[in-house]
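Per TrEMBL, these features apply:
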- 496-546: domain 'Cationic amino acid transporter C-terminal' (DOMAIN)
- 58-79: transmembrane segment (TRANSMEM)
- 91-113: transmembrane segment (TRANSMEM)
- 134-155: transmembrane segment (TRANSMEM)
- 186-203: transmembrane segment (TRANSMEM)
- 210-233: transmembrane segment (TRANSMEM)
- 245-264: transmembrane segment (TRANSMEM)
- 285-309: transmembrane segment (TRANSMEM)
- 329-358: transmembrane segment (TRANSMEM)
- 403-428: transmembrane segment (TRANSMEM)
- 467-488: transmembrane segment (TRANSMEM)
- 495-515: transmembrane segment (TRANSMEM)
- 527-547: transmembrane segment (TRANSMEM)
Amino acid sequence: MAKESQWLPEESFENFSNYKRALFATPERLKNRFLARANVEEELLIKRRSGAAMKRSLTWWDLMWMGVGAVIGAGIFVITGLEAHSTAGPAIIISYSLAGIAAMLTVFCYTEFAVEIPVAGGSFAYLQVELGDFIAFIGAANIVLEYLIGGAAVARGWTSYFATLINKSPQQLRIVTSLQTGYNELDPIAVVALFLTAAVAIWSTKATSIINYIASVANMFIITFIIIAGLAHAKAENYTPFTPFGVRGIFSASSILFFAYLGFDAVSTLAEETRNPGRDIPIGLLGSMTICTVAYVLMALTLCLMVPTPEIDPNAPFSVAFKTVGWTWAQYVVSLGALKGITTVLLVGTVGQARYLTHIARSHLIPPWFGIVNKRTQTPVNATATMVTASAIVAFFTELDILGSLLSLSSLFIFFLVAVGILVRRYYIPGVTTRKHGGLFFFFLFIIIASSLGVAIYWGLSPNGTILYAVFSPIWFLGTLGLAVFVPQVRTPKIWGVPLVPWIPSLSIALNIFLLGTLDKFSYKRFGIWTAAILVYYFLFGLHASYDTAINQKKELAAYKIQDAEEGQNVKTIELAEQDEINRIPASEPVEQLG
């Protein structure tokens, strides 16, 4: 990649005249790109734009512990007490189980995409293939923002738990200034934590995996200690009453606890660096989610058996619980476990967010400079440094409560789109799906989404109502059943696929919409403002870069097709040019030969 082409390589930006013509052609180009779906060959092709390949060094064992490291953080040590005390009571174990099932459904959808499209783009690449350029960009831009803010929030939390571990208050480790409240406590330790994790992530993905593995295993030992020591002080009477807040309390807590499972999507971005995606990704992702769910349920069980739920401290539940039974020293064990958990979340998040940005840059929706992979380290140095620097600036000034209020919606929105993408992938291929079956597919998909929205809206507007659940739930069931019975699948996964399609993706859609319906107005306001801002960017820059890139990409792909056709072969494109990946990357859908 030439140096001069790293920022504005497309024809639309060569001079002002070209750019002016591009702007006048915006409606036509938007029509062209709005639902333009990339194919797997194109997604594999654009890996070459990074200048060097990422090293395939990860196994299912690495991915499993990456998943554990990405998910088990400080949340379990805090959010468990809050929800048990105020929302679910001892029935929080059911809440954690339901949240784990919802997360597992999403993980199933991610695994099929990650195996079939083993690139660094994660959900951005999946959505670009199935739902088109425009929707992929909106989704990806929001999840990048979520990663940026999340990284800053986790880094501020690191300072807080480190202060607890050394018997100081977080304010003693921060610099108080005269800036506006909420931005006046500067946090240099959070900045250092972010840059140290960035240095590890840039140095080596395999080294990141090893450090994460060591820290995650140590954290699991601490969690095991908490469970065993806590159960030694268990009292069965503390589990009465089991559901003090009723069934609604169980579901309300579940919608909050779902966020304790977030982070697994970062693991899917490592598909390009996985030795055998078809085997390693399903085992790694599903294995990590199983470990996390079991750990969460057992910790919640332990807490509620140690202390009556009205007496659980919402802010430091485990520390106070051990103090209540006379083990004051155990608060340091809890703080150490939380600190290790935060560190691994920070580390895996840094890796994941950089790979999202890398693949977006490969598509030229942002300047390709961000997509360059360093030839020596074989990691995306530019993307990693950029994302961590942005997170560090936010973490340095902004307090945790403000950051926390900005998090949530984007991840659920992406999970919803990925589940929709699986159904589109299985049932609808333009030119292959008949007009009749295409119409039926979109009709049943509309029924599934509309009935799910009905449940979510009714939940929010009628706290004590139940009757409409008996209406919307059967409609959802009939919509899914109709899809299963009347619309044939037109694509079968070659190596690994979501089982029980369309039921699992449909249930994932319903649960993600339900959880979206539980979020506060401020989350939607932030989502709307950020989406409006990125739309301005898309219409002024991203759309035109994407349009030019798509034209050049088709020419480049055609050259591979012609070369393969001359040899009398079916087109498998880029895999044939990368001999070390032939047995690792699944062949994508057949592409017609040029004759």
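From the backbone N, Cα and C atoms, a Cβ is placed for every residue, glycine too.
Note that this is a predicted model, so its numbers are computed, not measured.
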Any residues 6+ beyond the ends of the transmembrane segment (245-264) with a Cβ under 8 Å from its own? 67, 70-71, 73, 75-76, 79-80, 83-84, 87-89, 91-92, 94-96, 98-100, 102-103, 106-107, 110, 285, 288-289, 292-293, 296, 345, 348-349, 352, 407-408, 411-412, 459, 463, 514-515, 518
Using Cβ atoms and a strict cutoff of less than 8 Å, what residues sit near the transmembrane segment (58-79) while being 6 or more residues removed from its termini? 154, 157, 161, 205-206, 209, 212-213, 215-217, 219-220, 223, 256-257, 259-264, 266-267, 270, 273-276, 279-281, 283-285, 287-289, 291-292, 295-296, 299, 315-318, 334, 337-338, 341-342, 344-345, 347-349, 351-352
So if I exclude everything within five residues of the ends of the transmembrane segment (210-233), which remaining residues of that chain have a CB under 8 angstroms from its CBs? That is, six or more out. 61-62, 65-66, 68-69, 72, 200, 291, 295, 298-299, 302-303, 305-306, 318, 321-322, 325, 327, 330, 333-334, 336-337, 340-341, 343-344, 347-348
Contacting positions for the transmembrane segment (285-309) when only residues 6+ beyond its ends and CB under 8 Å are counted: 60, 63-68, 70-72, 76, 80-81, 84-85, 89-90, 92-93, 95-97, 100, 103-104, 107-108, 110-111, 114, 220, 223, 226-227, 230-231, 233-236, 238-239, 244, 257, 260-261, 264, 267-268, 317-318, 320-322, 324-325
DSSP residue counts for the domain 'Cationic amino acid transporter C-terminal' (496-546), split into helix, strand and coil: 40 helix, 0 strand, 11 coil
Does the structure show the transmembrane segment (134-155) and the transmembrane segment (527-547) touching, where I'm treating 3 or more Cβ pairs under 8 angstroms (sequence separation 6 or more) as a contact? yes
What parts of the chain pack near the transmembrane segment (527-547), using Cβ distances under 8 Å and only residues at least 6 beyond its ends? 8, 10, 12-13, 19, 22-23, 26, 29-30, 32-33, 133-134, 137-138, 141-142, 145, 363-366, 409-410, 413
If we skip the immediate neighbours and take only residues 6+ beyond the ends of the transmembrane segment (91-113), which ones have a Cβ under 8 Å from one of its Cβ atoms? 80, 83-84, 123, 125-126, 242-243, 245, 249-251, 253-255, 257-258, 260-261, 264-265, 268, 281-282, 285-286, 289-290, 292-293, 296-297, 300-301, 304, 415, 418-419, 421-422, 425, 493, 496-499, 504-505, 507-508, 511-512, 515
Using Cβ atoms and a strict cutoff of less than 8 Å, what residues sit near the transmembrane segment (495-515) while being 6 or more residues removed from its termini? 102, 105-106, 108-109, 111-112, 115-116, 255, 258, 277-278, 281-282, 412, 415-416, 419-420, 422-423, 426-427, 448-449, 451-453, 455-456, 459, 476, 479-480, 483-484, 489, 586
